[in-house]
Amino acid sequence: MSHSSDTRREIPPGILLIRSIRGKDWSLSTYRYVILLVTFIAYACYHASRKPSSIVKSVLYPDPNKGTGLGLDPLFGRVFVKEEFGGNGNYRLKEKGWAPFNGTDGTSKLGEIDVAFLACYSLGMYAAGHLGDTLDLRLFLTAGMIGSGIFVALFGMGYFWNVHVFGFYLGMQMVAGLFQATGWPSVVAVIGNWFGKGKRGLIMGIWNAHTSIGNISGSLLAASVLDYGWGWCFIVPGAFIAVGGVMVFFFLAPYPEDIGFSFPQGSPSDLEANPKDEEANVRKETTEEDETQTINRAGSVSRTSVGLLEACLIPGVIPFALCLFFSKLVAYTFLYWLPFYLSQTEIGGEYVSVKSAGNLSTLFDVGGIVGGILAGYISDKLNARATTAASFMCAAIPAMLLYRRYGSISHNINIVLMMVAGLFINGPYALITTAVSADLGTHSSLRGDSRALATVTAIIDGTGSVGAAFGPLLTGFLSTKGWDAVFVMLMICALIAALLLSRLVMAEIAEKTCKQVPVSGGRQSFGAPASQPLLSDRR
């Protein structure tokens, strides 16, 4: 059942202030850059607030048999420090850990904390996507970011309140997961509203660097305050995302119509079809302020949303959602467990300290930035999203095997292999959660109604997040049997992810081989049979 939103949206106060200061409005192109920047920062904040738990794992559950931290790294200098704890009593914490995580079942409990967060995140995603298509995305995203910040910080307050009850930490993570679910459907929907399909893969590949930038920022923030007590590792990123929520409230315009731009053809994708004729396609009334207030904001007032079942029936949604289940399982296992793995594994005959492991793990995300951009660019050039994603997942298998087998030889080899693994693991994950979701969310069967963007994004990423919940949980148990078992599990999941796209890959190859449909930039078939029109051709 579809329903519409009848509430007129207000222009964000920050944009009103800038208009009054400048005396005139920005162009459409400038607004697009602003939207890219605001959503980039917003989701970087989300990911930054998820990193602390991976940084503090080795503090909550230390390995008493581990050696000392390593000294200066020859390539990165003082980024990887030797000192593990300061002189304020935290050395004792290193030896004893933090109850209830310092027992023999410590890794299992840490895995349960991760899966609690991700389970609530994935389940909340389905509801958040539908709500994002019916509510004001600006206010919805603001509430989600501030709520996330509060509960992430409350988890860290357990250190200062001397809380040793497992249920407290479990509950904080579960509520934080629900608030975190508001982020991804909202930001992808906003980007889809402002950008057409022309170079969506490349644009979103670059924009999706916020995931890795957020992971890097969260790791560095958490590691920088670790000496003062592990609680600060949560409080600082929690404050970071709350401030980001305030920024969203002041500057995010979910639809072009919300700030006075009118798309006569009814969709941003129509504008993208002829970018050189921007002025002819976009009518902007800026002569009088009272006229600006009466512009018809069709996107905010009259768009309708679709139900979850209707969105699931869009061709390509289910295969990509299932692929993301396994792809995100692999990516999030590295997100939550890589710092712990680095601190528990000899590299060049030495162990990496907790702070060093947090800093070193950021290089996985550096590779992920390159992978996301490369996957988006290749998929645009080849006009083949499924083939690109499947190829990257296949390449991730030998990349992980090499990292496990040879990553312990030296610091520099570990860094290079880690970045290569990050490139192939995060590439398809980034492609599916951005360009693919946006393409399917504006599928022509919706008759140009882009209010399915958040719903489709939620279905795909929500399903992926279920896999993301299983990955860290399985790792918590398998790591007790040895890290080889963990890597075997990850490689099997990467293979399954690639195989799930095999039908779509064959359809894309058959389409190009037969050349029954002329190739056009930005058009995707997502495995439609050759006898059927392309998704973007069904008008």
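Placed from the backbone N, Cα and C atoms, the Cβ positions cover glycine too.
TrEMBL annotations: computationally assigned, not manually curated.
Now, the feature entries from TrEMBL:
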type: COMPBIAS; residues: 273-286; note: compositional bias 'Basic and acidic residues'
type: DOMAIN; residues: 37-509; note: domain 'Major facilitator superfamily (MFS) profile'
type: REGION; residues: 267-291; note: region 'Disordered'
type: REGION; residues: 519-539; note: region 'Disordered'
type: TRANSMEM; residues: 30-48; note: transmembrane segment
type: TRANSMEM; residues: 139-161; note: transmembrane segment
type: TRANSMEM; residues: 167-195; note: transmembrane segment
type: TRANSMEM; residues: 202-223; note: transmembrane segment
type: TRANSMEM; residues: 229-253; note: transmembrane segment
type: TRANSMEM; residues: 312-338; note: transmembrane segment
type: TRANSMEM; residues: 358-379; note: transmembrane segment
type: TRANSMEM; residues: 386-403; note: transmembrane segment
type: TRANSMEM; residues: 415-440; note: transmembrane segment
type: TRANSMEM; residues: 452-474; note: transmembrane segment
type: TRANSMEM; residues: 486-506; note: transmembrane segment
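Taking every listed stretch (139-161, 202-223, 229-253, 386-403, 415-440) in turn, the largest tally of C-beta pairs under 8 A with the transmembrane segment (452-474) is reached by 415-440. Within its own chain, the transmembrane segment (486-506) is flanked in space by residues 316, 319-320, 322-327, 329-330, 333, 337, 384, 386-387, 389-391, 393-394, 396-397, 400-401, 404, 425, 428, 467, 471, 474-475, 478-479, 526-527, which lie at least six positions past its ends and keep a Cβ under 8 Å from the stretch.
Packing against the transmembrane segment (229-253) from elsewhere in the chain are residues 11-15, 31, 34-35, 38-39, 41-42, 44-46, 48-49, 51-52, 55-56, 59-60, 88, 90, 93, 98, 137-139, 141-146, 148-160, 190, 217-218, 221-223, 259: each is 6 or more residues past its ends and has a CB under 8 Å from a CB in it.
When each of 139-161, 312-338, 415-440 is checked for Cβ pairs under 8 Å to the transmembrane segment (358-379), 415-440 comes out on top. Counted over residue pairs 6 or more apart, the CB atoms of the transmembrane segment (167-195) and the transmembrane segment (386-403) come under 8 Å in fewer than three pairs, which marks the two as apart. Through the fold, the transmembrane segment (30-48) approaches residues 141, 145, 148, 180, 183-184, 187, 190-191, 194-195, 203, 207, 209-215, 217-218, 221, 237, 240-241, 243-245, 247-248, 251-253, 256, 259, 261 of its own chain, all at least 6 residues removed from its boundaries and within a Cβ separation under 8 Å. With a threshold of 8 Å between CB atoms, the same-chain residues lying at least 6 positions outside the transmembrane segment (312-338) that come near it are 50-51, 53-54, 57, 114, 118, 215, 361, 364, 386, 389-390, 393, 396, 400, 421-422, 425-426, 428-429, 432-433, 436-437, 440, 443, 445-446, 452, 456, 459-468, 470-472, 474-475, 479, 486, 490, 493-494, 496-498, 500-501, 503-504, 526-528, 535.
Cβ atoms under 8 Å from those of the transmembrane segment (386-403) belong to residues 319-320, 323, 327, 330, 371, 375, 378-379, 414, 417-418, 420-421, 423-425, 427-428, 431-432, 436, 487, 490-491, 494-495, 497-498, 501-502, 504-505, 507-509, 526-527 of the same chain, restricted to positions at least 6 beyond its ends.
Taken together, the residues in the domain 'Major facilitator superfamily (MFS) profile' (37-509) have a mean pLDDT of 80 on the 0 to 100 scale.
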